[in-house]
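What follows is a short report on a single structure.
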């Protein structure tokens, strides 16, 4: 795992690298010389030990100290090892054979020989005297060449301390490396990192160790050789060899031993490179030259053959990174003893530049267990030169790519404190048992360029131990030393070694063998080493305990301080957070309050401004309306005053004229009555005298006339006329001058004329007859004519007879009549042009009521004329009756009457066509006189003949006309006006006095009630706008009210009308919407306030009134128990039934009215859902009224609710509940089918089946609907008029005698217009006077030679009857026998033929 290097890393430079290399060479040379001199001066001699054995004792002590330091990690490695070590000998043998090929050892081999004595001594001196250890390190730093020379001069190679190392399934012993100590005061002046140089020096001392996990073994060779036979001890006293490197006693001084003995030098180097337990920092640097030599002497091929792909670069991306070594010595620690981490590019340990080998197939060795695990000791990772680093991301075995030298290259690093997984960490206890050296030649150890960890010299720092495998605990008996209380390990014999000869031969060099040490010296040396080791161990344990106690106390203090600081910081943070939260909440509350206050103020200001604007606009509107109303009222008042003045004047004039007329009439009536009374008295006296005189004169005249008539008949006729014409002028003058004595002079003139006529006429009979005629005419005229007519007649009586008409002279303006044409057959007739000349002069009617008489005469003439073409007329009846009588005997009372009437269908045809025979006529006809006068049949006589006979033959006179008995117009008195007579209110009621000149009077509630109710009754879709405007004008009266009384009254009347007429709910809902939109905002109710305590105004007030009324009635509900079946027949006619029916009608009307209001957006959808939920609340035992109201409401608003998404989901729920209701067992069928109709209507898109549900229609819509129905009926009419083989027009005796005509339908009149038109043509044809028989049309058509077929309609039969009447057959002999018998026989034959034809058609 790598981390990104710091950004301030200096860029690579070849010049700087060259200067650094040269500086390292010079520094290494100087450091070697200084270290040699310092080591000779400051050699430490342990007390109580012989001079010859000083170096050995020191070395042993150092070795024991080093073993103590590394014993914990090594023991853990040994215990964790699970692989056997029986192949150790073979591995070592193999290694020795490979290394024996080199006659000359590698330059760096001597640095890898372990020396525990120098390490232990160095460690001990570091604990006791830090300044001394620095000097000792200088003394021990000897050149490598010196060490090699000394080692070759010895005869016998000393045994080397080994440690078992496991390579997968192979275990071998590896020598414990050591390296001479170099000066720690050397400064890094070359620009190469001190960490890199330190790690290089350490790695150079352990190049013989392979990069695998090291395993500790027993101290003695015997233990290692017998390891396969029994379990290994879990703890050991020491891991180092106690004998010198050459294995023989030496009498050289300690300084020589320190400087020349390779084992001592390597031990000292190892001790110097081991981490200080006391936390002190001792810088230790090696030269760059030795590093370059170590890199140059790396045996690449031998390393590859021995370890395979176990190099860290081969497992570059593994989680278990290896090949790194951390050096905690030198300047890597600060003043407090803690590791110092440097953020420099040179501080990163990059992989060495390995050659690109191809894979050899040994992939099994690449597992994490076969790779060495480095202990993270907390120091900064080690970095090698950039020129030797492998490019980051380069895979082993692949060709290298060229890297820019100016590019910063970094390798993967291990963070401090990193402990890999899967391998637990265990601590070892030190052991003191010495082991004989198993020396090997320096040539047998392979060099490595990559620094590997030195397990013998490096110890974990900050409590970290090497990662080793856990070994099985040994069950061998332990031997404890009573003095040191440590375990004693029995040393093994050299003969027990697997191959001692090979082991010794490994250490052999081309030089002479070293001298052998006697047993006494060996035992002495061993005792000395033991004492030194025990002392050192004790001191080390005390120091370690003290250090641990101090460290623990320090750590505890730091932890306590840190914990207190954290707690304090936490409390402060909590308090701060709490305080901030409180401040924030307070601030937010203040801001919210402030914002709300601002919003309220703003809202109030806006509302105030809006209210002011509304009030201002309202005031302006009111003022404007007031001005307009004032102007209008003023104009109306002026017009009204003017009109009233005119009416008053007119009325006064009429009254005055009427009074005057009444007075005049009264006066004239009085005078007339008085005059009539006088005249009556006088007339009675004169009449009495007149009667006597007339009787006498009459007798005489009759006698004379009779005689004269016998003599000259011409004089009889001409004399009266001549005398009358001669007396015309004199009668006029007399009438003009003496109008009052007309009756008195009448008799005198009559007598005078009589005398004249007697003297002038030669024949007395002629004069007598003429007198008699004149008197009789006078008598009749005086009784029936008015006074003016009587005057004319009197003048006629006074006129003279004209004897010669040609002698008469007429005025120039008058054209005389034609005398030649006038004198014919003894008569004189005036032509019409001559008489028309006097039209303008003679304007008097002949008698009273002349116009009425003439109207009656003309009307009777027209009625007689029109009745000629009708079957109901008396003239036609008499005419047809006479004809029928001649054929069929007297009337229809004969034996064939039943057959004729039943077969002809006269009872049906005549009654339907308006004939006089039937009583059930469908059409009104002219009054028939003939039938009423002449009784049954009406055919025995002629009404016209009887009427003429009565008039001409002096029959019974008609009763006198009632109009002639009434008093004249002049004598009619006006009606007296009663006091309590009816008069229009406009005339009777005086205009109400206004409160002021500008104010109009308010209509009282009863007037509003009457006017609004009348307007609502007259409201239709065509008059909707006009009538609604009138009602709105009345409702606007509430502007002058504070409680909206008039508006409430209008709403109440509208609501009652809408609920009482459910079919017109749509129209009344539209009217309510118009009122809400058009109502004035000035209308208010001070008793109804809104949420701001302001009176509700305008349309909102109207909506509130209306909805409150709807809600009140809807919540109260309705329930009407209507009677059903026979049990309720008595109740149907009762008053309670009608009341209940009205309640039910209004309840359903209310529901529909509410739905119509919702459709016009006056009610919200939420209110509709609440209503539906209320009606669907009970699904177990619902009321009939609720279900019926629900169905009516859903049929009204269902389509609107179902159109929205939310409403559709709610409607699904409603339908489910309705289905639940339909499944109730005892539910009435009416309610069930009603619910099913609603559900079916929803499935069909809310289609409405009932026409009533669709609402009112205009007249145009009704006409269009009628036309559509007519077209549909015509399209559905059958092409043939036959019905089951029988005539639809004719009756049949076998079908009840009434005929088989189908009943009339609603479209008969429209469908039969053409038939009635043809019937009218037939009637007009009858006026021509043609006569025909009443026989059947089939007979007539048959007689004419046509086919006997039944017609499909009555109109066609009437047309045939008309044709038969017009053209009677001439070739058929009419006999006195009944012609209907022939029809009967023909019908029997035709019925059979028709049946045969029907059977053929059906087959």
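Each residue, glycine too, has its Cβ placed from N, Cα and C.
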Site from 782, 911, 1341, 1347 that Swiss-Prot describes as phosphoserine, others unannotated there = 911
Query = What range among 387-412, 413-438, 439-464 does Swiss-Prot describe as region 'Disordered'?
reply = 439-464
Ask   = Pick from 921, 1124, 1275: which does Swiss-Prot describe as phosphoserine?
value = 921
Query = To which residue among 29, 255, 884 does Swiss-Prot attach the annotation phosphothreonine?
reply = 884
Ask   = Over the domain 'MIF4G' (1009-1245), what does the predicted model average in pLDDT?
value = 86
